[in-house]
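Student: Submitted below is the structure of interest, expressed as C-alpha cells.
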Amino acid sequence: MSQAGADEGGGAGGIGREKAQRPEEVTPEGKVLGKPSAASTIGPGWSKVGCPCCVSERVEPLVLVKLGEKVRPETKRWLIRLIGASQKDGGAALLAHPGEDASGDIIVVSAPRCTLLRATEELGLCRPYRNRDMEAFSYHDRDNFKDSDNMEVFLTLAERHYIVKYELDGLRAQRDLRVPGLSDSVTLHNRDNIWQKLGSAGVIMDTFPLHNPEQLKDLSEAWYSGNQLAQPLDSVNGYFGSSVAFYFSFLDFYTWSLLAPAILGLSITYFSGEVQKQMEESLSGSPVADADGDDSGPAVSGHTVQAVFSMLWSTVFMELWKRRSSSLSYRWGTLHLADRFAEPRPGFHGDLGVNPVTGRVEPLFPGWQRDLRMALVSLPVVGLFLGLVVLGMLCFYWGEAQVKQLHQDWDSLLSQSLVYVPSVLHIVYTNMLATVYKTVAQSLTEYENHREESAYEKHLTAKVLVFTFFNYFAVLFHIAFFKQDVPLLRKRLASLLIVTQLVNQVTEAVIPFLVDRFISAPHRAESEDDPQEDKFRKQSTLPTFPGLFGEYIELLVQFGYLSLFSCVYPLTAVLLLINNLTEIRSDAYKICKLFRKPFCPPVASMGVWQIAFEVLSFVSVVSNCWLLLLSPRLQELCREGGLSGTNILLLAVLVEHVLILVKVILSVLIPDEPDWIRKKREHIEFTSMEALKQQKLQSEE
C-alpha cells in the first residue's frame, strides 16, 4: 500500500522496494512541502525523498525506533513527518517507514544519499579521492570522490547507522510546539531537544541500529568461528565502527606484544630455579624459604632484568601502538575528524540564551554552577567510595590474619584450602563495588551537566580511572611499600591474576551465553515466513550493548599488574597472554551474538584511555625501582659496597630519574605517527583549508 494509505491509518505494507506516490505533507512548523514528482518518492510506505538524485529502487532499513504502547496514530504520523521533513524545515531529512500499519509500535528509519553525504562532511570523515588518496570529504566536490554514488560502498554500515542517530539526536524544536496525540503538559519549547523530550514523555522507548544478518554471518565466520589468529579488523570497522575496531586492534596488538615479557618471565622463573618454589607458595599460601634459608623476594639478577625490561617495554609498546593507531585512523578515514562547535549533547539542559561563541540560540548553563556541583557533590561521593575501598582492604587484612593463624594452629588440607578465601572474597567485593560505582559515576557526571559529549566522557572516565586505580592497586601498594612483604605481594598478585580472570570470563561471557542460549534465544527464533517487521522487532529483545568502558578498564588493570608489579611475579605476562587469547574470541562472540548492535561514533584513537595507559607506564618506573630497593640481597650488596641506608635511598632515586629520562628519550625518538602519515595529515589539513576558502568566495559572490 502507498504511504497515503498509511497516513490514513491503513496498513503500510512491507518495507518494500518499489516506487510509490505520496501526497503533500505538513511539517511540525506548519509548512507545506511541495508535491513530489514521480521520480522523487521511494518504496511502498517509505516517506519521500527531498531531491531526484536520492531516488533508489532499494531502501536500506538502518535504524528501528520503538514507540510506547500507548502512542496514538496521530503522534506516530507526526513523528514520521518530522523525521522526513527537510532540515531547513526543522526535520531530520531521513526516510521513515511506519512498519505494519500506522498504529504499530515501530518506525523504521533509513537515510537518503544527500543526507548521508552532508553528514559525512559535517563529521569530517575522509574518503578516497579520484586519485585514490584520502581527502576530507566535501559535499560541493562530491562527484570527485570515489564511489560517492554508492552509499553502501562509500560509507560503512556503522557510519550509516551513526549518521541516522546523529540526525535524530540533532532534532530541535524551532518554536513552542504541541505534539499531536499528547496532553498539553507535554509541550516542546523553542530549542528543546525533540528526541530526548519524546523519550522522557514515553513516546520513544528505544532507538537502535539493525543488524544485517548476511554481513554479521560473514564477519562471525571470519572472526571467532574459525581457527585463524588474525582479526578481520577492516570488517570489524565496517560493521561495528571505528571505536569498536580500535578496541579490538589494541587488544590484538597488546596480546601479541605480551610474547616478549612472557618469554622473559618464563626464562627468569625457570633458570632461577623458582618454578617449584612459586608453585609450592601458590598451593600452600605460605612463603617457601630458599635452600639457604633466605626468603628475600626478588633476586638481583633475574628480577632486576624483569623490572628494567617492563619499564622500557611499556614505553616502546605505547609508542609503537600510537604509530599503529595513526595508520588505522588514516585507513578508516577518521584521521581528520571535524573540530567544530558542536550542538549541545542531548542530555544537556539550561536556560535558553544566545551562545556568545557561536551566536546560536541554545540552552546555557553557568560554569560556576557546574564547578559547584563537582566540588560539593561529586568529590564527596567519590571520596566516600574510596573510603569503602579502604574498608574492604582492612577487612581483607583481618581475614588474612585469621586464616594464617588458623593454618598455623591447625595445619591440614582444609586450612590450606582456606588460605585464598580472603583474597577471593576481596576480589568479589572490589568487582561489585566497581559495578556500583560506575552507575554512581554516570549519575554524578550527568548531574554536572556538561555541554559537550567529549567533556561528559572525559569527566566520567576521570572519575572511573581514579577509583579503578585505588580499588585495584591500593592493596598491592600497601603490601609492597608499607608492609614490605614481598612473598605476600607475590601471592596476592597471583590470586588477582587467576581469580579475576576467571571471574571476568564467567560474568562477561559464560553467564550471558547461558542466558541467551536457554532463555532469550527461544523467544527470538525466526522463520523464513516471518514478516520483516517482526524480525526487526525481535532484535529489540537483545540486551543493550554495555559499551567498551568495562573492557578498557579490564585491560588497564592488566597493564597495571604487568608494568607495576611483574618483577615480583615474572609469570604475570604468561597468565595475561593466555587470558587475552581467549578474551579476543569471547569479546567478539559477545558483541556479535549476545547484544544489540551498538551505535559507534567515528573516532581517531582510543582517546583518554591512551593517556591512562601512558600514565601507568610512567608510574611503573617508581613502582619497580622501590620494589627492587626492598630486595634484601640488593641491600646486602649495597652495604658490602659501603653504602648507608640514606645512600641506598639516594641511589634508588637516581636510578628512577635515569629510567624516566630514558623513557622520555625513547618516546621522543619513536614518532607518534609514521612520516608518510604525517605528510598525509598535513596534506588533508591544507586541502580542507583551501576548500573552505573556495566555499567562502563562492558564497560571497
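Cβ atoms here come from the backbone N, Cα and C positions, even for glycine.
These came from TrEMBL, pasted as-is:
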REGION    1-38  region 'Disordered'
COMPBIAS  16-25  compositional bias 'Basic and acidic residues'
DOMAIN    237-682  domain 'Anoctamin transmembrane'
TRANSMEM  253-273  transmembrane segment
TRANSMEM  375-399  transmembrane segment
TRANSMEM  419-440  transmembrane segment
TRANSMEM  460-482  transmembrane segment
TRANSMEM  555-578  transmembrane segment
TRANSMEM  599-629  transmembrane segment
TRANSMEM  649-670  transmembrane segment
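I'm curious about the neighbourhood of these features; can you describe it?
Tutor: Tertiary neighbourhood of the transmembrane segment (375-399): same-chain residues 421-423, 425-426, 429-430, 433, 437, 440-441, 444-445, 447-448, 463, 466-467, 470-471, 474-475, 478, selected by CB-CB distance under 8 Å and a gap of 6+ residues from either end.
Beyond the ends of the transmembrane segment (419-440), by six or more residues, the same chain brings 284-286, 381, 385, 388-389, 392-393, 395-396, 399-400, 402-404, 407, 464, 467-468, 471-472, 475, 491-492, 495-496, 499-500, 503, 507, 549-550, 553 to within a C-beta distance below 8 angstroms of the stretch.
If you look at the transmembrane segment (555-578), the same-chain residues 6 or more away from its ends with a CB under 8 A from one of its CBs are 250-251, 254-255, 258-259, 261-262, 264-266, 268-269, 278, 297-298, 302-304, 306-307, 310-311, 313-314, 465, 468-469, 472-473, 476, 480, 486, 489-490, 493-494, 496-498, 500-501, 609, 612-613, 616-617, 619-620, 623-624, 627-628.
Tertiary proximity for the transmembrane segment (599-629) is limited to same-chain residues at least six positions away from its ends with a CB under 8 Å from its CB atoms, namely 123, 125, 158-159, 161-162, 165, 208-209, 240-244, 246-247, 250, 298, 303-304, 307-308, 310-311, 314-315, 318, 321-322, 325-326, 329, 332-337, 457-458, 461-462, 465, 477, 480-481, 486, 552, 556, 559-560, 563-565, 567-568, 635, 648-649, 652, 655-656, 659-660, 663.
Only residues 6 or more beyond the boundaries of the transmembrane segment (649-670), in the same chain, are considered here, and those with a CB under 8 A from a CB of the stretch are 308, 311-312, 315-316, 318-320, 323, 617-618, 621-622, 625-626, 628-629, 638, 643.
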Student: What residues in the same chain, six or more past the boundaries of the transmembrane segment (460-482), come closer than 8 Å to it by Cβ-Cβ distance?
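Tutor: Residues packing against the transmembrane segment (460-482) from afar: 378, 382, 385-386, 389-390, 393, 396, 426, 430, 433-434, 437-438, 441-442, 444-445, 488-489, 492-493, 496, 549, 553, 556-557, 560, 564-565, 568, 608-609, 612, 623, 626-627, 630.
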